[in-house]
Amino acid sequence: MNERSAPIGVMDSGVGGLSVLAEIQRLLPNETLLYVADSGHVPYGEKSPDYIRQRLRHIAGFLREQGAKAMVLACNTATVATVADLRALYPDWPLVGMEPAVKPAAAATRSGVVGVLATTGTLQSAKFAALLDRFASDVRVITQPCPGLVECIEAGDLTSPALRQLLAGYVQPLLAQGCDTLILGCTHYPFLRPMLADMVPADVAIIDTGAAVARQLQRLLGERDLLADGPARETAFWTSADPDSLKKILPMLWMQSDRVQSFPL
């Protein structure tokens with residue numbers, strides 16, 4: 001296998017990163033993808049940075065053993081806790097992380113009020129505070145931690161009345177304060193777009209960073225002459241939880257796949 005045809009590793013604390021995986025496949029259809037769902041340790045948002053760093057070192061080492069030419073941290077919480085650590089550990093390995101879309105949201109808002117839905121870990125991080133200082137000094141940013149949403153999505157619940165009530169409890173206070181731009185600061189949350197679209201006025205912009213991450217990955221691979229010229233092989237999945245659970249939820253969030261294996265804990 002030459003370097004161009006080597007796979008790209010993508011990880012998340014669970015299934016949320018599938019929203020990013022879809023954007024990567026859309027932009028880079030010739031690339032072979034590997035996906036690790038660390039669902040046995042979800043949610044990351046309530047875990048300590050040291051715990052998350054330990055998990056990410058393990059996952060990164062595994063993906064390198066699989067021959068991954070690059071790694072995407074398709075998880076905001078993992079990015080803020082570990083991306084600097086991983087870049088120091090693997091300085092020549094292309095690494096792409098996630099961050100809430102503060103810059104485009106601050107540019108898009110008309111009311112001057114931006115809402116952020118994210119995990120506690122992301123919202124309390126120094127990296128997020130730096131994003132606000134850099135790009136959002138002229139707008140009001142209202143942050144909303146969203147406990148419970150990740151767990152619902154991990155269980156395959158995208159439509160229940162209980163989920164709708166939970167989500168409305170997070171979104172309605174932001175709208176009441178004049179928010180006209182909503183940042184989805186967790187890769188699980190794009191799967192709630194249909195429900196959100198029913199819940200917010202049509203002129204409220206909903207922004208996530210999946211497509212931007214795919215473009216950044218394309219740029220990094222292009223700079224290193226690592227873009228594949230195809231054809232892609234079938235995506236392989238690993239999970240630190242029950243593989244049958246991931247097999248059941250994949251058709252809802254991605255597509256049917258039997259290539260689901262247990263991730264070595």
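Heads up, the Cβ atoms here are built off N, Cα and C, so glycines get one too.
What Swiss-Prot records for CYS75 (among others) is active site, proton donor/acceptor, and it gives sequence analysis as the kind of evidence. In this structure, CYS75 (active site, proton donor/acceptor) belongs to neither helix nor strand by DSSP; it is coil. For CYS75 (active site, proton donor/acceptor), the same-chain residues 6+ apart in sequence whose C-beta sits under 8 angstroms from its C-beta are MET11, ASP12, SER13, GLY16, GLY17, TYR44, MET98, CYS186, THR187.
Per Swiss-Prot, the feature active site, proton donor/acceptor maps to CYS186 (among others); the stated evidence is sequence analysis. Around the Cβ of CYS186 (active site, proton donor/acceptor), a 10 Å sphere holds 31 further Cβ atoms from the protein chains shown.
The feature substrate binding site is assigned by Swiss-Prot to ASP12, SER13, TYR44, GLY45, ASN76, THR77, THR187, HIS188, with sequence analysis given as support.
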Residue among binding-site residues ASP12, SER13, GLY45, ASN76, THR187 with least C-beta crowding, 10 angstrom cut-off: GLY45
DSSP state at GLY45 (substrate binding site), helix/strand/coil: helix
